[in-house]
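Asks: Quick one: structure below, then a few questions.
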Amino acid sequence: MISSSIIIAFSLTLIAGLSTGIGSWLTFFTHRTNRSFLSFSLGLAAGVLLFVSFIDIFPESQSLFQQYIHTGNSFLWILIAFFAGIGLMLLLDWIAPHHDHTPSESNTHVHSKNDPASLAHLKRLGMMVAIAVSLHNVPEGIAIFTVGISHINVAIPILFAIVLHNIPIGVSISAPIYQATGKKQIAFLVAILTGMASPFGAILAWLFLLPSWTPLLQAIVLGAVSGTMVYIALIELLPSAECYGKHTLTRIGLISGMITMGVTIYLLG
């Protein structure tokens, strides 16, 4: 029989996952053809991913490596994991090659039936962010679940922090997909499915990982996830945000994403 502590811990990860839906819902209050919103939201997405990667995930991975590698090479191993994550994204681009299609300045609207390539590129951006965030959410779900089983008072503040993280991430995922397809259901579903990586991580922890999950394995996973998020931010999101012509809004979005994550991390420690 499943204990109440396991049910509570799993419920916490489910709440964390569903919180991406809040961010997704917020995207539906702006017009689909709004270039300003796209420039800002894609810049915001890049800021979120960059800040979380370098300030949160990368240092945590390095700290975990240091627990196991005492020869002074811990930083080398985190670099290997980090660039392995970037290599994974390069491999995905090689397997599924694409061309960057940026909207011309003469187009009045982003969403144009005469520019299907641009719309496909936007949709792909949302899916790429979803992949990166899903990879990040699995170890997050594992963390919430394992802490929640024995230390519910510690798990709840962690959950609150992750919910605050996931709201702008939900915007990051849904905005380009909604702009490309015009379908709220698809954008919302992708955001929710991305969030479900958290309870999926909890299920993995419960069934398989609790007996064998080690800080070393977690360090490798987090290092790789950090690399994937940086790749998405620098290679996909920022160039696409800039192409919509609202350069100041892109920069404001980038900084806003970093500030949001920074304040969250500071307040919830």
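Positions of Cβ are set from backbone N, Cα and C atoms, glycine also.
The transmembrane segment annotation in TrEMBL covers 6-29, 36-55, 75-96, 142-165, 186-210, 216-237, 249-268.
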Asks: Residues sitting near the transmembrane segment (75-96): Cβ under 8 Å, six or more positions beyond its termini, same chain?
Replies: 58, 61-62, 65, 69, 131, 219-220, 222-232, 235
Asks: If we skip the immediate neighbours and take only residues 6+ beyond the ends of the transmembrane segment (6-29), which ones have a Cβ under 8 Å from one of its Cβ atoms?
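Replies: Counting only partners 6 or more residues beyond its ends, the transmembrane segment (6-29) has Cβ contacts under 8 Å with 41, 133, 137, 140-141, 144-149, 152, 155-156, 159, 162-163, 166-175, 178, 184, 187-188, 190-192, 194-199, 201-203, 206.
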Asks: Counting only residues 6+ away from its ends, which parts of the chain sit with a Cβ under 8 Å from the transmembrane segment (216-237)?
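Replies: Contacts with the transmembrane segment (216-237): 42-43, 45-47, 49-50, 52-54, 57-58, 60-62, 64-65, 67-68, 77-78, 80-90, 125, 128-129, 131-132, 135-136, 138-139, 142, 172.
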